Amino acid sequence: MSAGSRNTEPWGGFDDNLIQGGSSAVIDMENMDDTSGSSFEDVGEMHQRMKEEEEVSAEAAAAEDDGADDGEFLGMKGLKGQLGRQVADEVWQAGKRQASKAFNLYANIDILRPYFDVEPSQVRSRLMESMIPVRMISFPQKVAGELYGPLMLVFTLVAILLHGMKTSGTVIREGTLMGTAIGTCFGYWLGVSSFIYFLAYLVNAQITMLQMLSLLGYGLFGHCVVLLVTYNIHFHLLFYAMWLLIGGLSTLRMVAVLLSRTVGQTPRLLLCGMLALLHMSFLLYLHFSYHQILEGLLDSLEGHNMAPIQRVVRDVPEVTLNATVRSLGGMLMAQ
Amino acid sequence: MTSAEEASRPFAGLSDVSIPDIPVEGDISLPVASSARDDEFSTLDEPVKETILRDLRAVANKFVHVLYPKRSSVLLRDWDLWGPLLLCVTLALLLQGGAADSNDQGGPQFAEVFVIIWFGSIIITLNSKLLGGTLSFFQSLCVLGYCIMPLTVAMVVCRIVLYTASGKVSFAVRLVVVTASFGWSTFASTAFLADSQPSNRRGLVVYPVFLFYFVIGWMILTFSP
């Protein structure tokens with residue numbers, strides 16, 4: 001808090017600002033504490049000079065007089081005096097330092113930065129690879145440790161789920177459509193990843209949490225494709241075929257990676273069986289829980305208030321195309 | 001207090017001096033110019049109408065920039081969150097009350113839209129920062145919020161269309177309007193956001209924006225009063 005004190009005496013000496021008066025408004029409190037005996041006359045002189053200053057700057061002093069009655073017990077002007085201001089300033093600086101340290105420690109998004117260091121071509125190739133099961137399981141397969149692709153895939157799944165729920169007029173009794181969709185998708189991704197990681201930890205498989213998150217996230221690509229198609233083309237047989245084919249391929253890929261990183265028959269069976277079961281049943285669940293096959297589906301897009309129909313298991317005799325994605329469906333089929 | 005007494009005895013000769021005052025009490029002459037400097041920047045004394053109008057003019061100016069998206073930095077330089085808030089509340093109010101069973105779903109829809117818009121914007125901002133973007137947090141929020149404006153306009157149009165017509169025609173009109181405004185929103189926001197990204201990662205940043213406006217557009221399209 002000292003404004004340019006360049007003295008070497010232990011009691012602080014005289015700063016120029018005490019004498020000149022107009023240049024600085026700060027008095028260094030640290031130097032004032034010393035009441036050693038060698039400077040009585042000097043202290044008296046100092047006080048005389050300060051009195052002169054007071055006469056010269058009467059207007060500024062008038063502002064200070066407001067706090068003259070407060071804090072008399074310490075002989076200072078209390079909270080409004082110079083000491084109070086300096087203390088408050090110190091407290092503020094210390095608090096600010098603490099807060100920014102805590103913020104940098106906990107809210108630092110740079111912790112996540114290496115996981116988002118990807119190029120679009122890498123993401124594309126990883127999406128394609130997630131559908132191709134690897135042949136070699138004798139040595140550990142490389143798993144990319146990135147979070148951008150999985151995160152985007154989870155959000156895409158949320159969007160597709162929302163589309164499916166809205167189109168079929170699903171009524172959620174407690175909660176909202178959006179909350180349900182987000183909760184389901186993120187819950188699956190994080191929950192099943194943690195569960196499989198826990199099992200992997202138990203059987204000593206060589207996979208980290210980040211790799212598991214990444215693997216399962218990319219495995220959702222197959223789910224996205226299947227749901228996008230079957231929420232719009234309501235054909236049971238088509239769904240089952242795609243469930244087996246595309247769902248099966250992405251499950252096989254994940255299973256192969258896990259197999260390559262686990263030793264022992266029983267651990268392999270446990271881990272891979274669990275993952276396959278959960279992954280395939282999630283796709284089934286998504287299709288059948290959030291999507292009801294309604295006759296006259298087009299009515300729901302025309303703005304009529306429709307009472308939701310109870311879900312009944314029936315064979316759809318013909319293919320019902322969703323009007324909104326008729327062209328989209330055509331494009332998808334063409335690809 | 002004995003040390004004080006010891007200290008004060010040698011000072012007896014200086015009877016007009018009060019020692020405790022000297023060390024800690026300062027008659028400080030503040031530079032007189034400081035008060036004048038404060039007055040120039042202080043807007044406390046202006047009438048409230050002027051303050052509000054100034055902010056409204058800034059918001060309207062940014063709306064115009066969204067309507068004609070060119071590479072400009074107005075949205076980025078003087079960012080504010082008034083516009084996004086206004087748009088978000090308008091959109092959420094307009095989307096209220098449309099449901100298959102309005103008893104159950106009338107309430108949450110306001111909160112739903114609000115939460116989607118703000119948390120979606122926050123996640124997109126974090127994503128673009130993690131991918132190496134140079135925009136600050138609030139600048140991105142500002143851009144994403146302002147670019148919801150075409151979708152809000154589309155919502156108004158859809159509501160009007162739903163009151164006047166119904167059936168296939170109304171659906172076709174609404175589809176066209178929502179698709180156009182969704183494309184416009186995405187294009188406008190990429191015009192502002194893309195400059196701050198390294199050139200090879202633009203696609204990675206644009207995709208979540210696309211998803212975000214797609215979800216909002218979908219909510220507008222499937223709205224039925």
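Our numbering is plain: 1 for the first residue shown, then up by one each step along the chain.
Backbone N, Cα and C atoms are what each Cβ position is placed from, and that goes for glycine too.
For A:1-67, the entry in TrEMBL reads region 'Disordered'. Annotation comment: TrEMBL describes A:53-67 as compositional bias 'Acidic residues'. Residues or ranges marked as transmembrane segment by TrEMBL: A:147-165, A:177-200, A:212-231, A:237-257, A:269-288.
Against the transmembrane segment (A:147-165), stretch A:212-231 has more CB pairs under 8 A than any other of A:177-200, A:212-231, A:237-257, A:269-288. Within the same chain, residues 126-127, 129-131, 143-147, 149-151, 153-154, 156-157, 160-161, 163-164, 167-168, 185, 189-190, 192-193, 196-197, 200, 238-239, 242-243, 246-247, 249-251, 253-254, 257-258, 279, 282-283, 286-287, 291, 322, 329, 332 sit at least 6 positions outside the transmembrane segment (A:212-231) and bring their C-beta atoms closer than 8 Å to a C-beta of that stretch.
Sequence-distant contacts of the transmembrane segment (A:177-200) (same chain, six or more residues past either end, CB-CB distance under 8 Å): 150, 154-155, 157-158, 161-162, 165-166, 170, 207-209, 212-213, 216-217, 220, 258, 261-262, 270-271, 274-275, 278-279, 282, 286, 290. Only residues 6 or more beyond the boundaries of the transmembrane segment (A:237-257), in the same chain, are considered here, and those with a CB under 8 A from a CB of the stretch are 129-135, 137, 141, 143, 215-216, 218-219, 221-223, 225-226, 229-230, 272, 275-276, 279-280, 283-284, 287.
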